């Protein structure tokens, strides 16, 4: 293999590694000072992991709604640009606010992942998608369709206030929220 080919291969490998989200444990270890200052927060471990993508990260977009998914649908139909949609569904366990169809749309439109303080449905379908979803649980009942809720407002999920533009990191160890993008 020539020197130019080897350099190209290493450059491609470096780009692929840069695209991988960072491990939450490593981020906590490397940014302990930010945890003390509360610029880096750890969500309480109440979420279940759904979808094939177990690790995801990106800038946050927030939505507050209760047992309704019209506004969630509007967000998901737009381009995600690698962002994470954080939905405060009030912790409701009475119905799902996202299912398999919306998960497929979110994946297609470039969202990095979705965190829902509430329920999802179509679990088997979601688990076949190359997409990251965190939710409290599943419920087969469909949501209301009234369009009630607020976009781009601070939300409180799992004991943590989350705002638009912050960064979210999720993996099998947990979920972190940071005021800015992190490095190890």
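From the backbone N, Cα and C atoms, a Cβ is placed for every residue, glycine too.
Nobody curates TrEMBL annotations by hand; they come from automatic prediction.
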Substrate binding in TrEMBL involves 99, 100, 101, 102; of 83, 121, the partner in that site is 121
Tell me the Cβ neighbour count for residue 99 (substrate binding site), meaning other Cβ atoms within 10 Å of its Cβ, over all protein chains shown.
-> 20
From the Cα of residue 122 (Mg(2+) binding site) across to the Cα of residue 99 (substrate binding site), what is the distance in angstrom?
-> 5
Looking at the binding-site residues 100, 101, 102, which has the shortest Cα distance to residue 122 (Mg(2+) binding site)?
-> 100
List the same-chain residues at least 6 positions away in sequence whose Cβ sits under 8 Å from the Cβ of residue 101 (substrate binding site), in sequence order, or say none.
-> 122
